[in-house]
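Each remark here refers to the structure printed beneath this line.
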């Protein structure tokens, strides 16, 4: 009599692996961009593009934040809400500061500024707004990540591999171009002339007017001017 082997879950699917993290980054980036765009429309009375990518609507900050929370909280579904809140409060605030600080150091620009708001630490962290990260951490660990994880596991292996490889190439390529265009914009602000074909290409096809309209909340730290308002 033949005995069937007991079912063993696929540990690659059960774990928080690259496939899941990448697609959560994509989903979080797109939905975060959409949510922030809608919020800005009602808060400020007009359309404001919140994408971090020059080619399609996706926020790298939202995407990376969702990926970070997935890595930190994927096995915390049974943790107490208070502990999750503290984790989200600390790591979310640190992540927000890091993003703002990198933009300041590398590009000399800021995409948001909390300095005029009470209970702010520098330009990029507000102690009240950090509570939002804490609440998101609770929802993420208990409901959102388990739902997305189960959804992604239903995709067949062959389809997921092909789709992931193609999308990784697309996201890496467009993100590199977007970063290079912003770095070159910062150099133009410092009156640094183009030094090679790539920089001349960036000056021609990604001028300040295009970048200012794509990132309307971006402004130079040294002058306080919004790039979209510059001639």
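From the backbone N, Cα and C atoms, a Cβ is placed for every residue, glycine too.
Please treat TrEMBL annotations as automatic predictions, because they have not gone through curation.
Given the ranges 21-44, 45-68, the record in TrEMBL names 21-44 as transmembrane segment. Your range for transmembrane segment, going by TrEMBL and the list 162-183, 184-205, is 162-183. Under 8 Å from some Cβ of the transmembrane segment (162-183) lie the Cβ atoms of residues 19, 22-23, 26, 52-56, 58, 60, 106-107, 109, 155, 198, 202, 206, 211, all in the same chain and six or more residues away from its ends.
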